[in-house]
Structures are given as C-alpha cells and as structure tokens.
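Q: Pasting a structure here, questions to come.
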Amino acid sequence: MIAFAAYTLIPEITRSLAIIGLLRTPTQTLKQGDFVIIEDTVNCEDIHYHSPSRTLYTACEDTIDTRMGWFPPLEIFHNASTGANSTGSIHDMTSRRLQFENFSGTFVTHGIDVLSDPDRPEEAVYIFAVNHVPDDNFVRLQRHSGYTHSSFYASNKSASRIELFHHVVGSPTLRHVRSIQHHLIRTPNDIFALSPQSFYVTNDHYYKEGWMRRFELLYRGAKWSDTIYVHFDESIRSTRDGVQAKPALSGIHTNNGLGHGKLGQILVSSSASGLLNIGEVPDDPRQGGINLVDFVEVDSFVDNPSWFEDSFASVSHNASGLIIPGMSKMTDVPRFLKGTSRGLAGRVWHAIPASQHGRSQKHKWDVRLLLEDDGTLVNAISSAVMVAIDPGLESGKRKAWLFVSGFLARNIIATKVDI
C-alpha cells in the first residue's frame, strides 16, 4: 500500500515542485544590448499581434504603483480608491497610448483580445479588455471606515467586467462601444473574441480570496475554474442589459490565459498545472462547448499563450508553433508583495508540432526554452508574441522578434531570437 502511494504520489509531487519552482534558482539568459525596452508600457498583462495590419496591441496601467493598491487577481484589495481612480490604457506598438472616446471611467487592465472588424479586416479592429472595477459599495465603505485591510467585508469587492472598444488602425483614438457584465463572469482573466458580439472569458479561480483560493492554486485536483461563453447586443449601452452567458468549459485547474491557435483552435492555459490545452470551438458556440483535443506540458506556470505563424516558412524549415509564457518561481510571490524580493522570475517556451520536423505522431511537440528572466527585466512574465524577420535582413539566418510583457513589469521588452 505504501509502495503504491509512493509510486502514484512522488511523480505528482515532483511535477508540482517543478511548476512552482520551489527548488529552482532563476537565471537570466539576456545580456545588456540583447534587448530593446519599449517605453511607457507599465504592468502590461497581455500582448496581441494583429497580423493583417502588422500591429501589436497591449493594455497597460497608468503607473507602476497601481497594482500594489488594487489588483483582485493577486488578492490585492488594500486600496479600492486606487483602483477606482486607475486610468489604464490601450497601446499600439509604436508605444502610443490610444486616446479613449466615449470612455472616462475606471480601467484596471488584465487580459485582452483583438479581433479584425469583419467589414474592414485590415483597417480596423475590435479590442476586448478585462476591467477590474472596484465595487462602488466597497469603495465607499473603505473611504468612510479608513480600513485598508478589508477581510471583514464579505460581499464582492470587485465588480469586474469586460470593455469593448473599436479602433481604426493608425488612428490615435479608441472608441468605447459598451461594457459587459454578467453574474457568470466572476474572476475574469483573459478573453477569446469570436465576433463583435461574442467571446469566451476565463474565470481563473472559484474563490476570490483567502486560504481556499491558495489551496485552489496549489492543489492540482481543484478543477473549479471555468470558461464562459458570452453573447451580447452591441447596440445597448447598459452594462448588464442584452447580455447572455453560459459555461463553455469546466473541470480545468486554474483556467487562465486564452489564445488563438492554428486553424481557429482555442488555446486554454491551466496555469498552475503547467499545461496548455488545445481545443476546438464548436460551429455554434451558443449550442456546444469547447472540446479539448491536445495539450503541451512545461516546467513553469502558463499564462497568456499565442500562436506564432512563420511567415517565411519553407519546406525545409517551418518554426510555426506555440509561444508559452509564464512565471517560473511562484513561491516568490508572497515575498515580492511584502517587498522582500526584487522580482518574479519567468520563462517563455516555444513548442513546435513534431510533424514539422518529420517526427512520429507519438511525439507530438518539440518544446524548447526561448527565454528565461530572473525578474529584473520583465517582472512576472505573463505574455509573449513572436514576429518573424525576413531572412534577407539577417544574412539568411532564421530569426524573429520576441515581445515579452509582465503584469508587474515596468516595461515590455523586445529581443531577437533564433528560430
């Protein structure tokens, strides 16, 4: 009996320790001069590359300090007024802050997605963005009571919602279309846009705070998070009106980032399990759920994934594949929040279908480490996208620009990598 328990538990424990990085010493693979800092990109959780217009988009905070006062995904509820006064921003990768039209409220950023406007696919986009707005009642209570430690407050502290914007590529502005709230959107993390009127959104935890949330994070059997399908009326301005929602995927441990995979597939991360799930979207999302068909394992957390399409691929060399970013030493998070750790280490992985290398189907993915950071350059790596470089500009060598962001980072960085 003891031998059987050891046989079954030891691999599970070993795998969990590898993911959270308990025994790992973070390293730095980038040297000064190997990267470019993109200015005015503070705490940018998520990056997306819109290939039709060759433009990168991201959502960032207004200052480096906002996260430390209000950020529900890290159980930071100390100062609801900080959250209420936050004016985060959407950037294109000229590092230009896009000016909001018809929107002047609170904006505490998290995951985003970018969708081509069906009527102008190369000229305009819809941008969906998670917004962790503090609950109005909680803001008033904190202001009047003077409490900064708020565990006594049993009701919702956050009234998180989704913002929908429309943007003409190259213009300096971003028009707010509407806000979307629904009781099934509880702890939103990331978005997968389906159409200008529908999307998937992940709830990354069942519990919003406390010991049960931490247990949920560490115990891989706590498969309580889910992905919600949302359909809404684009013409209605009221936050909750004209919104319909239903579960699309459940039974996932720490469901987190979403991404667009190859041939319309959906990428769904199981963050604290170190898994990137690959799923199929039903023909009619209103009727069916997401069907998971494959997965990739890495030795780190998995946050916001993306698919790299090698635009200069040849018969002999095709680097198209998954880009998988995430933190590599989660055990340092409590120390960082207390100010006793200089940063949170992270990794970026590149997973290529083995079939592109002529390997058998038994070995589905070739996974390699693209980048590792000890937290000093990109604090808490959460997103990465890659854009191929014309080999003619690199003396025939195959290279790409890798853009890396972190939800606690002072800046996005860009670096050239061999592919």
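Note that Cβ sites are derived from N, Cα and C of the backbone, with glycine treated the same way.
No curator has checked TrEMBL annotations; they are predicted automatically.
Annotated active site, proton acceptor per TrEMBL: H110, in sequence order. Residues or ranges marked as Ca(2+) binding site by TrEMBL: I112, N189, D190, N256, D303, N304. For N304, the entry in TrEMBL reads N-linked glycosylation site.
Describe each of these features in terms of where it is and what it packs against.
A: Around the Cβ of H110 (active site, proton acceptor), 26 further Cβ atoms fall within 10 Å across all displayed protein chains.
In the three-state DSSP assignment, the secondary structure recorded for N189 (Ca(2+) binding site) is strand. Cβ neighbours within 10 Å of N189 (Ca(2+) binding site), excluding its own Cβ and spanning all shown chains: 27.
Here the Cβ of N304 (Ca(2+) binding site) has 32 other Cβ atoms within 10 Å, regardless of which shown protein chain they belong to.
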Q: Which three-state DSSP class does N304 (Ca(2+) binding site) fall into?
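A: Where N304 (Ca(2+) binding site) sits, the three-state DSSP reduction gives strand.
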Q: If I take the alpha carbons of H110 (active site, proton acceptor) and N304 (Ca(2+) binding site), what is the distance between them in whole Å?
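A: Each residue's Cα considered, H110 (active site, proton acceptor) and N304 (Ca(2+) binding site) end up 11 Å apart.
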